[in-house]
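Here the structure comes first, spelled out in structure tokens, and everything after it is commentary.
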């Protein structure tokens with residue numbers, strides 16, 4: 001489940017959103033790795049408070065280069081956030097969010113995208129409401145065939161969490177997504193289980209073994225198949241500026257990552273993916289990422 005602060009002294013606190021259930025375990029598997037990519041991320045902030053984020057990556061297998069540019073401005077007095085996005089597919093995006101103004105805990109977001117090359121447009125209205133013991137979300141994705149409604153709810157009490165997520169496609173007049181999740185968390189241990197559409201079953205465990213070592217286990221199984229997916233991952237903080245990550249799954253894919261803070265605002269990540277079943281056959285992947293922030 002998600003890391004969202006230490007447990008409350010009171011029996012009630014704000015649970016994470018449905019998308020963030022199990023996030024602590026997923027982060028151990030995903031962060032610190034970038035197989036098959038050479039990536040550069042740059043973040044900076046102007047004197048007027050405008051935040052700029054640029055990202056570029058090159059796929060070492062295909063040679064394809066992709067990039068994104070994002071600008072964000074927060075008008076704190078009115079709880080407004082304006083975001084502009086662009087990517088190398090020439091898709092433009094605009095997002096306007098207002099939070100804690102209509103009522104405490106309510107956030108409304110208006111999100112639009114436009115592709116000049118194809119003329120394709122999309123729009124989405126997103127809302128979330130979080131208070132003690134509850135976190136609700138409802139998004140409406142507009143489409144010419146008919147809007148799709150995405151809803152989610154998470155309830156929490158004394159460390160226990162229960163969540164539900166659905167998608168209703170008005171064009172087909174039926175539910176296209178129907179997910180359930182149950183979990184439990186304490187300060188250094190988190191357990192999460194989920195059922196997606198009644199066919200996919202999954203679970204994850206996050207454990208902070210000590211101050212410098214985090215571990216994670218995940219398991220997934222799809223009904224109607226004999227395929228079970230299993231993985232173990234760990235992250236160890238070597239010192240305040242360096243960490244090493246490792247993971248392995250039941251397909252004998254072994255991933256290793258090393259992250260080093262070269263100086264404040266400059267972070268380098270090196271990673272490698274090795275196929276344990278065919279070590280001498282090649283096909284292994286390397287990754288390099290550099291993050292700059294000022």
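Glycine too: its Cβ is placed from the backbone N, Cα and C atoms.
Of the candidate ranges 23-32, 213-222, Swiss-Prot annotates residues 213-222 with the feature transmembrane segment.
Looking up the ranges 14-22, 50-58 in Swiss-Prot, the one annotated as transmembrane segment turns out to be 50-58.
Of all the Cβ atoms in the protein chains shown, 17 others lie within 10 Å of the Cβ of residue 85 (site 'Involved in ceramide and phosphatidylcholine binding'). The list of residues near the transmembrane segment (91-100) in space but at least 6 beyond its ends in sequence, with Cβ under 8 angstroms from a Cβ of it, reads 78-85, 106-116. Residue 272 (NAD(+) binding site) sits 13 Å from residue 31 (ATP binding site), counting Cα to Cα. Those same-chain residues not listed among 253, 254, 255, 271, 272, 273, 274, 275 yet with C-beta within 8 angstroms of the centroid of the NAD(+) site C-beta atoms are 35, 256, 284, 285.
There are 17 other CB atoms within 10 A of the CB of residue 274 (NAD(+) binding site), with all protein chains counted.
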